[in-house]
Amino acid sequence: MSQLEFDRAHLWHPYTNVVKPGATFLAKSAEGVRITLDDGTELIDAMSSWWSVIHGHRHPAIMTAVHDQLDRMPHVMFGGLTHDPAVDLGRKLLAMAPPSLTRIFYCDSGSVSVEVAMKMAVQYQHSAGRPARSQFATIRGGYHGDTWKAMSVCDPVTGMHHLFKGALSVQHFAERPPLRLGDDWDEDPERNGLADLARLVAANKDRLAALILEPVVQGAGGMYFYHPEYLNRARAICDEHGLLLIFDEIATGFGRAGRLFATRFTGIEPDILCLGKALTGGTMSFAATLASTRVAEVIGGGEPGLFMHGPTFMANPLACAAACASLDLLATGDWERQVALIEAQMQAELSPARALPGVADVRVLGAIGVIEMDHAVSADRAHGYCRELGVFLRPFGRNIYAMPPFVTTQDELTRITDGMLALAKVL
Ligand SMILES: *Cc1c(COP(=O)(O)O)cnc(C)c1O
């Protein structure tokens, strides 16, 4: 059995039918923006391997940091022990995060960081003497991960809630913010979506621990960019009714949308912030949940005081070392120019797609470029064209999109946008 045959017969891939798997490539190595396949074909990684590899694959600074840490201490438990990579990473994160966030919980993956955030919110309310507040408000069209609690706040339709009815916690969904980023703000609360949110929160406030959402950019829920003013107003609604505000910046954190965090499109700060994906520059799975001083003090001052979460590989030193190196690369500030150039080039090169039949919308923000079709497109069919295009693209839903590494050159980006246009013509 060849490697690919074994894979087909035995390995489950993300969001696929295990008995009818789709086309899969055998990747052998990766360097910069390129993935090399078993037959030597090179594909430009237009997905940044699910939005994580912002500096390109195997960036030398990150590789060196991980090798050094590997030689010293790949892992120790975090209960009762700490280490330089965890402390150094904490310093770097606090230097860039919203200033009110002062406490960091390291964990294994984005979904787990959402679990941790939701658990913190419930325990905060419990410690504050409101134990009945254990449910969550959110907006439609969101994506927060695949574990149970995270899934319960994903969009009910794309998250297939009907399938898991009975097993999923009941949460409360307001309409997707109707005004887009770049639209003129409309003060009419029926038209800007806030009336719906305010009604939902007011009606359920005795049950609600927090409002959780992805600020400005809804990623896997549909690549939708909405008006930041919605978030300023949502903050006020949360404050009025005693809900915490959780921002899931697992997709948008570390420059992807053109600002270091999407929170910076707003004038407010969340109480809890989830980070993941690009945290290690795509080297390995790692995430962090940041909390405000107030959240930490209420939880710590309540009963039982301790926070009941502690993954085996919490603050893994290798992951912390990779993250430190990745944040150092961001600190040079070059990403800002790179992302601005990518944004301008994608705006120019994707705009002809607007004239193509079947295209519903074209939008670009930072290093995110989207051609939204008026019909669902098949990732498997897209794979059939990847070798020919020399670009790895994996559309989902109605969206043919790219989230290229920030180091993608002008010529490489043109190949990506050409590939997206070519797919929009055939899918
Ligand atoms: C990817 C993602 C998650 C889940 O992260 P995993 O590391 O895949 O568990 C959660 N929220 C958002 C916004 C994401 O993009």
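Glycine is treated like the rest: Cβ placed from N, Cα and C.
Annotated substrate binding in TrEMBL involves TYR143, LYS277, GLY310, ARG394 plus, out of the candidates TRP50, TRP185, the residue TRP50. The pyridoxal 5'-phosphate site recorded in TrEMBL includes GLY110, SER111, PRO311, THR312, and the single candidate from ASP39, ASP45, ASP248, ASP380 that the record places there is ASP248. The binding-site residues near ligand 1, defined by a Cβ under 6 Å from one of its atoms, do not include any of TRP50, PRO311, ARG394. If you take the C-beta of THR312 (pyridoxal 5'-phosphate binding site) and look for same-chain residues 6 or more apart in sequence within under 8 angstroms, you find MET77.
Considering only the binding-site residues LYS277, ARG394, the Cβ with the fewest other Cβ atoms within 10 Å is that of ARG394. ASP248 (pyridoxal 5'-phosphate binding site) and TRP50 (substrate binding site) are 16 Å apart (CA-CA, integer value).
Under a cutoff of 8 A between CB atoms, and with a sequence separation of 6+ in the same chain, the neighbours of GLY110 (pyridoxal 5'-phosphate binding site) are GLY145, ILE250, CYS274, GLY276, LYS277, ALA287. Note: the CA-CA distance between ARG394 (substrate binding site) and PRO311 (pyridoxal 5'-phosphate binding site) rounds to 31 Å.
Within the set of binding-site residues (TRP50, TYR143), the lowest number of other Cβ atoms found within 10 Å of a Cβ is recorded at TRP50.
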